[in-house]
Amino acid sequence: MDFDKKGGKGELEEGRRMSKTGTSRSNHGVRSSGTSSGVLMVGPNFRVGKKIGCGNFGELRLGKNLYTNEYVAIKLEPIKSRAPQLHLEYRFYKQLSTTEGVPQVYYFGPCGKYNAMVLELLGPSLEDLFDLCDRTFTLKTVLMIAIQLITRMEYVHTKSLIYRDVKPENFLVGRPGSKRQHSIHIIDFGLAKEYIDPETKKHIPYREHKSLTGTARYMSINTHLGKEQSRRDDLEALGHMFMYFLRGSLPWQGLKADTLKERYQKIGDTKRATPIEVLCESFPEEMATYLRYVRRLDFFEKPDYDYLRKLFTDLFDRSGYVFDYEYDWAGKPLPTPIGTVHPDVPSQPPHRDKAQLHTKNQALNSTNGELNTDDPTAGHSNAPIAAPAEVEVADETKCCCFFKRRKRKSLQRHK
């Protein structure tokens, strides 16, 4: 299966963060520590540590900013990659990362035979948290996630980008213990694409017979049909993910086929054959209303994000919930690249009017604090950087997590 690789804070606070972390692309090359330990560095400040994730792009390493003592994530891609995407992804992050819910990007440059992008280190993904909660989320948790992610996707779309990679692994909470810990972040823009032509300023044309881009479990029906993706497809994929969280699984999971192509065909056929009413049965009508709306959108049409958000905020209020960031995983020990964290119960968000409550999150920062003597970035730089397997990306095999997923007892349920 071919995959198309084409691609809250004010200015003062943002400036402080930039000056503190030394962000922006640098012309500095890679330098070693100059010691016998052979410490691998990215740029002048970032020490490369242990492997914490992998994907078709290459791999992800834990890193440390030696100037600020903050942990970071370092994404590595072979310079001679057959489908290089990291520099384009860096450019997209630069377009997006001045807002809440998108990780800060600190640096892009060479690292030996690799390109390296240094990012803010975040917490567990929604898929990891889903596992932690026995693979079902309550309605309250799903609505708090949905309200935030509609806002995230709207922001991405306002920057002339479509995301095209909706899956729980690509939405992460902030670092446990930080002010960002309750905010849902969107990561991995390796499959993102400009839907507004930067030259003509016009919407990209409608096309058919496109190769599949994304994760088959969540992608829109039109994507299965080979149609060019636009804003509507991101929102439909989100709707499928919301139902996955509520139901625990989707009707098109676990399908068997002799080839990947046949399997994707079966997944698409089952999606089309599953009425929205059946998919959303026993759940609030708003879930079905959401999916009906996004599936009826025209290719060129701008979605009414306020309408979709209001669907869920009204349901949230009628259900008597409080937007207190008390997710289903609150109080559970959370895995991180630097050890398990036992988070405190989240405090009440600052008082604000009702309209703000459901469209903005708490003010965030990314300070990680001083490192202890058991620094997980120390002593790992000499570990070889594994080249990505020479295979095409396929369905759930695409992975770009901000820390290594734990192995599961059974892979069947994830098909």
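Using N, Cα and C of the backbone, Cβ positions are placed for all residues, glycine too.
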Taking 181-227, 369-415 as the choices, which stretch does Swiss-Prot tie to region 'Phospho-regulated basic and hydrophobic (PRBH) motif'?
369-415
Go through Ile52, Leu60, our binding-site residues, and report the one whose Cβ sees the most other Cβ atoms within 10 Å.
Leu60
In whole Å, how far does the CA atom of Cys54 (ATP binding site) lie from that of Asp165 (active site, proton acceptor)?
16
How long is the line from the C-alpha of Asp165 (active site, proton acceptor) to the C-alpha of Gly58 (ATP binding site), rounded to the nearest angstrom?
17
